[in-house]
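A.B. asks: Per TrEMBL, the feature transmembrane segment maps to 31-52, 230-250, 257-275, 313-334, 355-377, 450-477, 498-520, 598-621, 633-655.
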Amino acid sequence: MELEEKTKYGEPRKYDPTFKGPLQKRGCTDIVCCILFIIAILCYIGVGILAWSQGDPRKVIYPTDSRGQFCGQAGTPLEKKPLLFYFNIMKCASPMVLLEFQCPTTQMCVEKCPEKFMTLIKAYSNRKDFDYYKSFCKEGVTNSMAVTEILKSGLCPAMLTPSKPFTRRCFPALGKKGGMITVGNSSHFDDGTGKMRDAKDLVDGVKNATVVIEARQVVMKIFEDYTRSWYWILIGLVLATVLSLIFIVLLRFLAGIMVWIMVALVIIVIGYGIFHCYMEYAALKGTPGADVTLQDLGFQTDFTVYLQIRQTWLAFMIILAIVEVIIILLLIFLRKRILIAIALIKEASKAIGHVMCSLLYPLFTFLLLAIVIAYWATTAVFLSTSNEPIYKVFNDTACEHSRKTCDPANYTTTAMKAQCPDSECLFAFYGGETVYHKYLIGLQFYNVFLFFWCANFVTALGQMTLAGAFASYYWAFVKPDDMPSFPIFSSLGRSLRYHTGTLAFGSLILSIIQIIRVLLEYLDHKLKGAHNKCTRFLMCCLKCCFWCLEKCIKFLNRNAYIMVAIYGKNFCTSARDAFFLLMRNMIRVAVLDKVTDFLLFLGKLLIVGLVGVFAFFFFSGRVKAFEDTAPHLHYYWVPILTVVVGSYLIAHGFFSVYAMCVDTLFLCFLEDLERNDGSPERPYLMPESLRKVLNKKNKNAAAQ
C-alpha cells in the first residue's frame, strides 16, 4: 500500500554520487514569462511617465477656488492667499453637495478669514468697512458701483460671518451659549437682505461642507502625535531589533531551552493581558456611561472613548482568553512533535551561523519593496490628479441649464447666461472626456496589478536566494569547507541570471489571484446595498475560496522556488516535484514543518508582546517614572500601535530568514531520506540530532 502511494506521487529520488547540492550548470527557465515580465515593466514605466506628465498633486494639497486656481500655491498671484472662502456657506446645506462634493456658491482665495459680522449694505456706507469688505470680493469692485449692481453681478457676498480657518478653509466660528448655537457670540445674524436668521441655520451648511473634516482632524492629530513621539517610536523599533538579534543568537546555542522559555513567556504575557483587561473591566464598574454598548456608541473619532467602555475590555479579555486556550491545547497535543521541531531549529541556527549575511538580506528585500511601493503610490497619486477642471452652471432659481458644463472664460456672453441671468459658471470637480481620461480607470487597474506582480517578484527573489544559500549548506559534506565562499551572492546571481522568468511566472499566478480578491472586495463594497441573502452568501463563498487558493499558491510557490534553487528546472516541473515530495512524506510534513512554523510564530509574538507592553506603559503614562519623560499626545495608542506593527515587521523580517531556512532544510532532509540509506557508500547528511530523534543512523558511525 505504501509503495502504491509513493508511486502515485512519483518515484522517490535515486542516489546520485555526483550530486553536491545546488547545481552550478543550469540553463535559463521560463523564458517566455521573462520576456513578458520585461515588457510589462517597460509599459509600467511608460504609464508612470504618462501619469507624471499629466498629473498634478497640487490638486490634493491646495484647495481650489471657483476658477480652478490653487489657493496659497508658491510662485502664483495667490501665494499670499492660502485660505478658501465661501460666499454663502448656507448653500452647502443642499443635498447635491454630498453627490457632487462641491458647494453651489462662489469660492475664492483670501489672505485671512472674516473676523466680524458685516453686511454689504452696512459696509457700503462706511469707507473703511467697505475697503475691508472688498478683500472678500472678486476683482473689479469699485466704490462707484451700487450695492444692487455688485450683488446682481455676484462680485461680493451679501454678508460676512466671523470664521476660523480649518483645513485651509474658512468656516463659521460656531459655538454654544446657554444651550443655543451661536456664531461670533450671537445667536442671530443678518443674512445681508435685511432678514435676521438663527445661527443654527449655518450648521447644516457647515456639516456638508465638512464631510471629511472630522476625518481630517483625526489625521492632523495623529500627525501631531507622530511629530512629538517619532524618536521614542524609533527607540522602540531599535529595541525590537535588538531583541530579535538576541533571540536568534540565543537560538544558535540554546535552541531547546529558548523554545520552552519562549512558550512559557508567551503564555505569561497573554495571561497578564487577560488580567489587565479584567482589572480595567472591574475598575469601570459603576462608572457613569461605562455600560454603554459598542453598538450604541457607534463610530467615534476620539478612540480613547472606547477605552472608557466596559464592553471594550470584556471583548479584549475574551479574545486573549481564546488565544491562550488555543496555544495551551496545541502545546499539549504537540509536545512530542516539538522535540523534533527543536532539532530542526538547532540545525537552522547552525546554517544561519555559517551564512550570517542572510540576516541582513531582509534589508535588501525591504529596500526593493519600498521602491515598488513608492513607485506605485506616486503613480497612483499622479493618475488620480491627472484630470482636467470641470466647470458647471450653478444658480439660485430654476434653470434648464443647471449643472451643465460651461466655460468660465466666455460664460457671460453665452446663451446659458442670457437665459439664466443669476447663474454662475463655477469649478465643480476634476474630470475629462479625452481618450486618456476614458481609460484612466484602466491605467489605475494596471498600476495596481503591476504593484502586486513586482512586490511578489521581490518576495520570490528573496525566497529563492535564501533557499539556494541554505541548500548549499545542507548538502555540503564537510561544513563549511564545501560551501561557496559567498553563498548568498552566489545564489542571488543564479536566481537573477537563470530564473527571472520562473520568479515572474510564480509571482504572476499569485498576482492574478490577489487582483481577483481585490475586485471581489470592490464589487462587495459597491453592491453592499443591493445584496440579498443569496448573493451575500455567494460573495462570501467566492472570497473564502480565493483566500484559500492564495494561501495554497503561496505554499506551493515557496517550495517550488526551493526546488528551482537546487535543481534549476522550470517553475511547473519544480512545483510538481516539490508537491510530490511533500505528499510522499505527508506525515513528516505535519510533524515537522507546521510545528516549527508555530514555534517561530510564538517567537514573533513574544518579541511583539514584550515591546508592546513596554510601549503601553510608557506612552499611556501608567508608570509614574515615565510621566515627565513621555510626550503629551492626543491619542497615546498611535505610537503604541506603530511600535507594535513595526516590531512585528522587524521580527517577521528576521524570523522569515529562519522560516525559509527551516523549509529549505526540511525539503533537503526529505530528499536525504530518499537518496541515502545510512550505509558507508550513501551516508545521511542530516545532523546527528535529527538522526537521533528519527532513530536513523549512519552505519559507519555505528561501527565506530
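Here the Cβ of each residue, glycine as well, is placed from N, Cα and C on the backbone.
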A.B. asks: With pairs closer than 6 in sequence left out, are the transmembrane segment (633-655) and the transmembrane segment (498-520) joined by 3 or more CB pairs under 8 Å?
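C.D. replies: No, the transmembrane segment (498-520) does not contact the transmembrane segment (633-655).
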A.B. asks: Does the transmembrane segment (355-377) reach the transmembrane segment (633-655), going by 3 or more CB pairs under 8 Å (6 or more apart in sequence)?
C.D. replies: yes
A.B. asks: Cβ under 8 Å, sequence separation of at least 6 from the ends of the transmembrane segment (230-250): give me the contacting residues as numbers and ranges.
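C.D. replies: Contacts of the transmembrane segment (230-250) (Cβ under 8 Å, skipping residues fewer than 6 from its ends): 258, 262, 349, 352, 359, 603, 606-608, 610-611, 614-615, 618-619, 630-631, 639, 642-643, 646-647, 650-651, 654-655, 658.
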A.B. asks: Could you tell me whether the transmembrane segment (633-655) and the transmembrane segment (31-52) are in contact, taking contact to mean 3+ Cβ pairs under 8 Å with a sequence separation of 6 or more?
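C.D. replies: Per Cβ check, the transmembrane segment (31-52) does not touch the transmembrane segment (633-655).
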A.B. asks: So if I exclude everything within five residues of the ends of the transmembrane segment (313-334), which remaining residues of that chain have a CB under 8 angstroms from its CBs? That is, six or more out.
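C.D. replies: Long-range Cβ neighbours of the transmembrane segment (313-334): 263, 266-267, 270-271, 273-274, 277-278, 280-281, 284, 294, 307, 595, 598, 602.
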